[in-house]
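Student: One structure follows; several queries about it will come next.
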């Protein structure tokens, strides 16, 4: 489970790491939206080059990005199979097992694959270069305007940061319980269906019990230190927009406008 | 020889920036039928060491022989299940592993996983409940309704019900009240003496080491610092100082007496022994 890289922060020193989280989140959203436009091979090529450029700037290693992509391979295969079944347009390529495969099915799937890969790359760069705490600060600030219509931006940010904070703890706890139950003869890999269900139950019940226990302890600890939701709070870390953040936003916007032009002009 | 470590190393997350060598070249023999204490500072590798005993962790280098089963690095071991039945491992704060609706169901969970029939398991469960000082009225209660100390007993009972030949306990008395922990320790001693089980116990309590154990293994920075029988370990006064361990009260008293000019023998380990040694000295002076 240590190889689980999705959402993991990698402490490195790069200009992407030093950028303001708000700028990074906004830029990511803008690029994500432009990925969704049907921009064809040229468009995706440009996007890919830009995103790979950002990865290079962030000093993240490509095998790390590859690890983040790996869990998606299964989904890609699934999509390919589904598309082959459903799409019957374009030219007939070949027939296997009585199924005819058309060119559009292949292209559609490839487009979806490219989109997914680009999306995962860009989100991985965001989470790998931004400390979880900074990320939530950024989200809180970006949600600020919505507070007027009743969006509890601070509470949402607190919720996210607590959830992120406890992921490693819960993984550790899971491993601990798995070991304890393995000592009692639980085998998650082998056995009949019924044995497997019991095995999973022996993991989930203690995990829930301890998660609720943690939640209660944390709530008490926060309350005893005077935390009250909805109250005005000051911040230790003040975020400041700098020149590089503006460059990032302008770059992302230009890219996005370019994609829109390609999508509607072609 | 029942348990033998030969040049065993264990590295967590090897080949990553988080790589950490928790055990380095450990050579160790644990004598069958003895009660062995494993002591050492926090983070010294005690827990990593004991998790090798039922192959929860596998050595990244070296060879391990446990009850005639050989576990070697880079080789996936077979018969893990029978090894886990023979080596019962009680984790630190084992109460979190309880999950069944009733205590009885939880205790028979382990034995049933190892192929014991339900009737035999229930019979065994009643025996072990008695061993851990809980009566049969508890059997149908939910384990989650118990107090912390009682949960601990149920969790330990769940391991004892598997009838392991080797019992490994990782800080079994942490967080228990003094009386409860003494009861626990004498239970483990009884299992060792009366039922002939090999017991390994990770502990920070030197009183427990002196009063209940035969051998002591000191782990320091992932290496075995020394392995000795308990009495000769506490005879060497400098050792405790070197390791920054507070010796048991009786040893402290003896040392204090010696500092005041008495010449007490090294082998006083009980109140009676020390008292008679002191009275001999006093009489000689009179």
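If you go along the chain as it appears here, the first residue is 1 and each next one adds 1.
Quick reminder: no glycine exception, Cβ is built from N, Cα and C everywhere.
According to TrEMBL, the protein carries these features:
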TRANSMEM  A:27-60  transmembrane segment
TRANSMEM  A:72-99  transmembrane segment
TRANSMEM  A:105-128  transmembrane segment
TRANSMEM  A:197-215  transmembrane segment
TRANSMEM  A:246-265  transmembrane segment
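In the displayed structure, how are the listed features positioned relative to their neighbours?
Tutor: Long-range Cβ contacts of the transmembrane segment (A:27-60) within its own chain (Cβ-Cβ under 8 Å, at least 6 residues beyond either end) map to 10, 12-17, 111, 114-115, 118-119, 121-126, 128-129, 248-249, 251-253, 255-256, 258-260, 262-263, 266.
Below 8 angstroms of C-beta separation, residues 105-109, 112-113, 116-117, 120 of the same chain, each at least six residues beyond the ends of the transmembrane segment (A:72-99), sit close to that stretch.
Same-chain residues lying 6 or more positions outside the transmembrane segment (A:105-128) and placing a CB less than 8 Å from one of its CB atoms are 5-10, 16, 24-25, 28, 31-32, 35-36, 38, 44, 47-48, 51-52, 54-55, 58, 60, 64-65, 68-69, 72, 75-76, 79-80, 83-84, 86-88, 90, 93, 135.
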Student: Sort out the residues at least 6 away from either end of the transmembrane segment (A:197-215), same chain, that have Cβ-Cβ distances under 8 Å to it, and list them.
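Tutor: Distal contacts: 166, 169-170, 173-174, 177-178, 181, 184, 186-188, 191.
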